[in-house]
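Scroll down for the structure; my scribbles are underneath it.
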């Protein structure tokens with residue numbers, strides 16, 4: 001009798017694992033192939049060889065790139081090279097990427113930047129918020145951008161128990177931000193288990209010096225985050241659910257879900273065109289190829305443009321798709337004055353004139 005019970009439990013366990021495995025492949029879009037959608041006036045950005053996971057652009061055309069991300073299970077073309085922040089002036093006739101110097105005293109050897117966000121204060125001070133993963137932990141670094149010196153002055157490191165696995169960030173004040181946790185756990189094995197079992201424990205946290213609180217939860221894997229030009233709505237990408245969540249910002253900074261836009265791809269970082277409110281999205285057509293890297297079958301790249309997301313029928317346009325022959329693993333797409341920048345998790349970055 002005991003053996004029968006044991007065999008029954010083993011069978012149930014194996015069936016559950018098999019079902020979860022198939023579900024994970026579906027969430028990763030592991031069987032998806034793509035056909036190219038090309039743009040005519042594009043070139044790879046010189047000096048970016050280890051990815052530009054996130055990009056943020058100031059109103060004056062200065063673009064910041066988060067480069068060199070390394071993560072457990074993620075491919076890297078330069079595993080021993082620290083990450084950094086690069087800058088490009090999009091108003092230049094021939095813009096080029098330059099690495100920003102970081103103030104003395106900041107640990108550059110362990111700098112592992114992920115999501116970034118800028119904030120301009122009332123006195124025109126520019127703050128750069130950077131999600132950092134030193135030793136694969138999660139911190140938020142706040143820098144002051146010193147334009148005359150092309151440098152970053154480190155102001156503060158933020159750690160908090162509600163920020164265990166930060167992916168992206170949107171600054172809403174000089175020391176205030178919303179952040180996505182792509183996992184509930186910080187331990188790599190528990191993160192993998194959480195993803196495999198599809199627990200939907202990822203969340204969004206609001207941080208200020210006075211208050212830190214959970215403001216949205218129930219995501220499969222909360223990823224990119226951004227805010228509408230009028231600051232009324234926060235957008236969150238759920239990468240493994242292939243969704244963008246629209247949340248209304250309340251006076252107390254809580255978030256109330258308004259709608260969910262379903263997409264047929266893995267949505268990563270979200271960028272907002274300040275003039276139109278359009279959302280530009282860096283996407284992964286096949287997520288499995290990001291983690292099981294093979295040079296003959298590299299991860300593809302995809303850029304979507306979403307117009308009128310608050311309407312009953314938002315317009316979703318595929319702007320660019322490449323099978324990985326040029327650009328591998330697009331994670332962000334952002335626009336400035338008809339100039340499109342597309343960054344990747346760990347490969348290169350693309351500059352296009354539309």
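Here the Cβ of each residue, glycine as well, is placed from N, Cα and C on the backbone.
The disulfide bond annotation in Swiss-Prot covers 42-352. According to Swiss-Prot, the Ca(2+) 1 binding site annotation covers 53, 167, 223, 268, 269. Per Swiss-Prot, Ca(2+) 2 binding site is recorded for 54, 116, 168, and the stated evidence type is similarity to another entry. Here Swiss-Prot flags 114 as active site, proton acceptor. According to Swiss-Prot, the N-linked glycosylation site annotation covers 254, 269, 323, on the basis of sequence analysis.
Overlay of Swiss-Prot annotations on the structure.
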| residue | record | Cβ within 10 Å |
| --- | --- | --- |
| 42 | disulfide bond | 17 |
| 54 | Ca(2+) 2 binding site | 29 |
| 114 | active site, proton acceptor | 24 |
| 116 | Ca(2+) 2 binding site | 26 |
| 167 | Ca(2+) 1 binding site | 26 |
| 168 | Ca(2+) 2 binding site | 29 |
| 223 | Ca(2+) 1 binding site | 25 |
| 268 | Ca(2+) 1 binding site | 29 |
| 269 | Ca(2+) 1 binding site | 30 |
| 323 | N-linked glycosylation site | 18 |
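Cβ packing within 10 Å was compared across the recorded positions 53, 254, 352, and the lowest neighbour count falls to 254. Across the fold, the C-alpha of residue 223 (Ca(2+) 1 binding site) and the C-alpha of residue 168 (Ca(2+) 2 binding site) stand 6 Å from each other.
Measuring Cα to Cα from residue 116 (Ca(2+) 2 binding site), the recorded positions that fall within 10 Å are 53, out of 42, 53, 254, 268, 352. Under the three-state DSSP scheme, residue 269 (Ca(2+) 1 binding site) falls in the strand class.
Same-chain residues that are not part of 54, 116, 168 yet have a Cβ within 8 Å of the Cβ center of the Ca(2+) 2 site turn out to be 53, 55, 56, 66, 113, 114, 115, 117, 130, 131, 169, 224, 269, 332. Here residue 53 (Ca(2+) 1 binding site) is positioned 19 angstrom away from residue 42 (disulfide bond), judged by their C-alpha atoms.
DSSP classifies residue 323 (N-linked glycosylation site) as coil under the three-state reduction.
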